[in-house]
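Engineer: Below are the structure tokens for one structure; questions will follow.
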Amino acid sequence: MTKNKKTVGFIGWRGMVGSVLMNRMAQSNDFEKITPLFFTTSQQGQEAEINGNKHLLKDAYDIKELAEMDIIVTCQGSEYSQKILPELRTNNWQGFWIDAASNYRMDDNCIIALDPINLSNIQQAINDGVKNFIGGNCTVSLMMLAIHGLLKAQLIESISVMSYQAVSGSGARAMSELLEQSKVMSESLNTKDALELEKNVRSQTKNDNFSCTQFMAPMAFNLIPFIDTLLENGQSREEYKAQAELNKILNSKEIIPIDGICVRVPVLRAHSQALTIHLKEEYPLNELETIISSANEYVKFVPNTPEDTAKHLTPLSVSGSLDIAVGRLKITSISKKHIQLFTVGDQLLWGAAEPLRRVLNICLNTAF
């Protein structure tokens, strides 16, 4: 292995988030800084070409092999993480664990990594000996980047957020099923009568051979206002994560109350969110725009016009980019302390892969 380069093991690199991570690392020349090793849960001993190089795939359940890594980056999912990380730590592995899965996010010995927001906390945690760094919930990370300026200035009293989440948040099969459903429904285009057309499309969903296995209802031309499991207080688990994770990332004694409804929509990629924010004080609209748009380099402020909104504030306009579009900013008729805005970002990038890529580099630059 190349001298001075740290060994980094990757698990789940073929999945949706893992593939995006591999692409971003290649674009950023991150592989030049490390000795990468690739692990698999099913194809041990086979060869795979990654970033133009052939790699012999290692066993993702081989604790001895994993324990030789300086850093492990996993996008394999919660079940894998729950099994492997405790075994590694029991065997006194002292490496860094970087994980896209949700199960360790709220643990005291884990930091949710979103470095444009909490870089100093990440660096301090590394210096304090923390070894577990977890990617945040996709909508939480996107929301925090969008309102970074308001958070940094400590202007927020509370937030009501409605999220409109793309099917790719549930994985590749969910995307494929949405496209398949749309294709089947397009076969109903045999009439010019609009009402008859709608009836024909709707009737397709009742056919026995209509594919609907990824969600509890068809997604094509539909939406489902429930994501994840039901909690005792009436929230879904996805809705619970907003307040829990945002406040943990901020690491502040002052809790910002957050609630809302998470909706699955028939969009392939990029999550959208509509926020109603209760401010601690009244602020002029132009001052709020400056605070929001200048917080970080990723926020792209969209003027509140129909034309700009249609062009720049949609899932299609941001998919595949690191841009966090923020628009529809207005002071509400509820009170002058209540503002509303709409934001959309690629949940596979800033919502998943990019924070992992960046915290990997932070660990390399800070700890070694």
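Backbone N, Cα and C define each Cβ position, glycine as well.
Sequence annotations record features per position, and here TrEMBL assigns domain 'Semialdehyde dehydrogenase NAD-binding' to 7-125. Sequence annotations record features per position, and here TrEMBL assigns active site, acyl-thioester intermediate to C138. The active site, proton acceptor annotation in TrEMBL covers H271.
Help me picture these features in the structure, burial and contacts included.
Structural biologist: A helical conformation is recorded for C138 (active site, acyl-thioester intermediate) in the three-state DSSP classification. Cβ-based neighbour count (10 Å, all protein chains) for C138 (active site, acyl-thioester intermediate) stands at 27.
Sequence-distant neighbours of H271 (active site, proton acceptor): residues of the same chain at least 6 apart with a C-beta under 8 Å from its C-beta are C138, T139, L142, S163, Y164, Q165, A166, G169, P315, V344, G345, Q347, G351.
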